[in-house]
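If you check Swiss-Prot, you get these features:
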BINDING   Trp13, Arg33, Lys105, Ala138, Arg253, Glu279  NADPH binding site
BINDING   Lys105, Gly134, Ser136, Lys189, Asp242, Ser252, Arg253, Asn254  sn-glycerol 3-phosphate binding site
ACT_SITE  Lys189  active site, proton acceptor
Amino acid sequence: MASTIAVLGAGAWGTALASVLGRNGHAVRLWTREAEHAAAINAERVNQRHLPDCPLPDSLTATADLETALGGTDWLLIAVPSSAFRGLIERLAPYRPGKVVWATKGLESESGGFLHDVVQAGLDPAPAMAVISGPSFAAEVGQGLPTAITVAADDADLAAEVVRAFHNDRFRPYSSTDMTGVELGGAVKNVLAVATGASDGLGLGANARAALVTRGLAEISRLGAALGADPQTLIGLAGMGDLLLTCTDDQSRNRRFGFALGQGATVETALASVGSTVEGARTAAELHSLAERHSVEMPICNMVYRVVSGDTPLEQAVRELMERTPKAEFDD
């Protein structure tokens with residue numbers, strides 16, 4: 001049965017997900033902050049600014065009016081950067097949405113906590129919640145290339161509803177109840193992609209890249225264990241799957257940012273060269289604090305934090321990583 005769904009955030013990712021829902025026959029309202037942007041999307045039937053190679057289905061309409069976007073919807077999907085997430089939740093509070101789904105990846109910028117905590121604290125009554133994550137570049141989703149993702153929810157009925165809404169012969173969602181693990185994988189992989197990009201920018205080779213991905217997964221797993229995440233989640237699509245994609249393909253903004261650092265660019269110049277949101281640069285500090293609060297050792301992610309914050313030159317950080325005291329590969 002067709003639903004009416006609000007997608008809040010008309011960047012590349014929000015537009016790609018909205019296009020999947022629209023192609024599946026759902027009525028989609030794509031919200032952007034700018035009336036001019038909404039008018040252009042409606043007139044041109046494409047989001048030229050963020051996803052120019054993705055023609056939009058007729059069932060999708062764009063609007064800059066939040067009340068119009070939300071009115072009469074079955075559920076809403078948030079796809080804004082993590083830095084804008086809390087502000088949007090505050091704007092949603094008067095509307096008291098009953099079902100909130102998000103595809104934002106990262107930790108909350110003010111608290112350094114998980115996005116589900118922001119939703120629970122910011123909306124009263126607390127809605128049914130779900131998060132979408134996994135190996136999924138927006139351009140490929142928009143073009144209809146085969147993609148598999150994870151939908152984690154605190155409510156089995158909402159998980160099933162979101163899975164049904166997205167599922168087609170090119171987009172395969174899997175369900176999960178582990179919201180913490182799915183959110184964690186989506187946040188940490190961005191920081192690790194900065195590390196692998198920097199390694200490749202320095203010309204450190206394929207061996208180093210493989211080591212960073214593998215030991216990076218160990219860091220995600222250690223933090224996940226401390227936070228109560230399901231270990232299987234972290235070797236699934238939202239963990240290892242997204243990590244592999246983001247660390248090895250230049251469609252990743254985080255990887256391109258790290259590569260620019262490895263080539264000698266300053267943080268500011270590297271960010272400018274990417275030209276759009278680099279979640280890993282923002283998440284590094286929040287992840288550093290989160291790991292410290294839980295006494296979890298995350299040397300690669302900590303290296304990224306030190307480099308991005310300007311505390312340590314990249315070459316020195318790499319040397320310190322390699323010179324750490326030898327240890328067993330797996331913790332007891």
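Placed from the backbone N, Cα and C atoms, the Cβ positions cover glycine too.
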C-alpha of Arg33 (NADPH binding site) to C-alpha of Ser136 (sn-glycerol 3-phosphate binding site): distance in Å?
-> 24
Here are some binding-site residues: Lys189, Arg253. Which one has the most Cβ atoms within 10 Å of its Cβ?
-> Lys189
Within 10 Å of Ala138 (NADPH binding site) (Cα basis), scanning binding-site residues Lys189, Asp242, Asn254, I find none
Cα-to-Cα gap, Ser252 (sn-glycerol 3-phosphate binding site) vs Glu279 (NADPH binding site), nearest whole Å | 10
From Ser136, Asp242, Asn254, the binding-site residues whose CA lies within 10 Å of that of Lys105 (NADPH binding site) = none
What is the separation, in Å, between the Cα atoms of Lys189 (sn-glycerol 3-phosphate binding site) and Glu279 (NADPH binding site)?
-> 10
For Ser136 (sn-glycerol 3-phosphate binding site), the closest of the binding-site residues by C-alpha position, picking from Trp13, Arg253, Glu279, is Trp13
Select one residue from Ser136, Ser252, Asn254: among these binding-site residues, choose the one with the most other Cβ atoms within 10 Å of its Cβ.
-> Asn254
Within 10 Å of the Cβ of Gly134 (sn-glycerol 3-phosphate binding site), how many other Cβ atoms are there?
-> 24
Closest to Trp13 (NADPH binding site): which of the binding-site residues Gly134, Asp242, Asn254, going by Cα position?
-> Gly134
Please give the greatest C-alpha separation between any two of the sn-glycerol 3-phosphate-binding residues Lys105, Gly134, Ser136, Lys189, Asp242, Ser252, Arg253, Asn254, in angstrom, as a whole number.
-> 16
Can you count the other CB atoms that lie within 10 A of the CB of Arg33 (NADPH binding site)?
-> 14
Could you state the CA-to-CA distance between Asn254 (sn-glycerol 3-phosphate binding site) and Glu279 (NADPH binding site) to the nearest Å?
-> 7
Could you list the residues of the same chain, at least six apart in sequence, whose Cβ is under 8 A from the Cβ of Glu279 (NADPH binding site)?
-> Pro81, Ser82, Lys105, Gly106, Ala187, Asn190, Arg253, Asn254
Among the binding-site residues listed here, Trp13, Lys105, Ala138, Asp242, whose Cβ has the fewest other Cβ atoms inside 10 Å?
-> Ala138
